[in-house]
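Trainee: Sharing the record's features from TrEMBL:
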type	residues	note
TRANSMEM	6-24	transmembrane segment
DOMAIN	38-132	domain 'DUF3592'
TRANSMEM	139-162	transmembrane segment
TRANSMEM	174-195	transmembrane segment
DOMAIN	234-303	domain 'DUF3592'
TRANSMEM	306-326	transmembrane segment
Amino acid sequence: MPLKWFLLAILLAFDGLFLAAVIAKYRETRRARLWIATPGTIKASASQARRVKRASGSGRPVIEDSEIRNFAAVRYEFRANGRTFSGSRISLADDLGNHQVAEKLRRYPVGASVTVFHDRDRPDACVLERDMPGRAFEVAILAGVLVGICGVLFALVSGGVVSGPGRLAPKRDHAPAALFAAALGLCAAWIGFALHRRGAATRAWPATTGEIMSSAVEGVRIRFTFNPFRYFGAGRVFRPRTIYTYRVAGVAYESDRTSFGAQSYASFRLLADRGAARFEPGQPVAVFYDPARPEQAVLIRGAPGLFVVWLAAAGLFAIAAGLAGLV
């Protein structure tokens, strides 16, 4: 299979999965409009820190890492079909963490009377908010369609079906790979600019006193692959993880983000020991937090190590230029 069609198939497959998830969520919201409204009571309301898995990096290799995020843990009770049920889901929207934690806790304090929406046949399927925010579905579907259109145009242009950047490259046979590398370079540059902006914003964030809970080196799994659906090898790399707690406006938070710079990984544990040794358990520290979103916090202002992202972007652009025969 030609490279351009292989890349297009990968893009459209992920785009199709995204659109399918959006449509499934839309159907769930439509069904929830028929759910029964019944009175309930908030029994517990507190912030809760959870470790969430995430994959660092795109393409190959992939690092299976995790991070700590804060959630509003709300539990409520209500009666349906002559029985008492308990629920903890606030909204139909998926809660990824670190989003409006304090606002949700203020909205649902312990003892508050609330309206619970539940399925008539399955009362354990219940929420406190059944409406999705704004025009979320329209925006998501439009984004998915635009990604698909861009993917098709990429294949047509790189294949020479329509005139475009591919005709400007001396090595037209390498145009698909060159365009793909350039697209990855743009993504890396966008990430770099985003991290730079967030790092610069931290210099104006207020500070509060926090405490180090732990600071140690952790091993994480790294996987190597030569296609997006199958992995051909695995290993381990090491990273320092410092976990700290802090309070803002009476709400307790927990985080393991030291800064908005690039996360560093080492092949040898000894190389990661230096980062972990900077902090000791029980040590008081200054925590800088976003006043609009207190669940976002760092220990070090700025974005140290950001040059790694810039180097990656520059390298991808250089590869794209080399494949296209421009250098």
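Keep in mind that glycine also has a Cβ here, set from the backbone N, Cα and C atoms.
Keep in mind it's a predicted model, so treat the numbers as computed, not measured.
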Trainee: Could you count the residues of the domain 'DUF3592' (234-303) that DSSP puts in helix, in strand and in coil?
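Mentor: For the domain 'DUF3592' (234-303), the helix, strand and coil counts are 8 helix, 29 strand, 33 coil.
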Trainee: Using DSSP, how many residues in the domain 'DUF3592' (38-132) fall into helix, strand and coil?
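Mentor: Helix/strand/coil tally for the domain 'DUF3592' (38-132): 7 helix, 53 strand, 35 coil.
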Trainee: Restricting to the domain 'DUF3592' (38-132), what is the model's mean pLDDT?
Mentor: 90
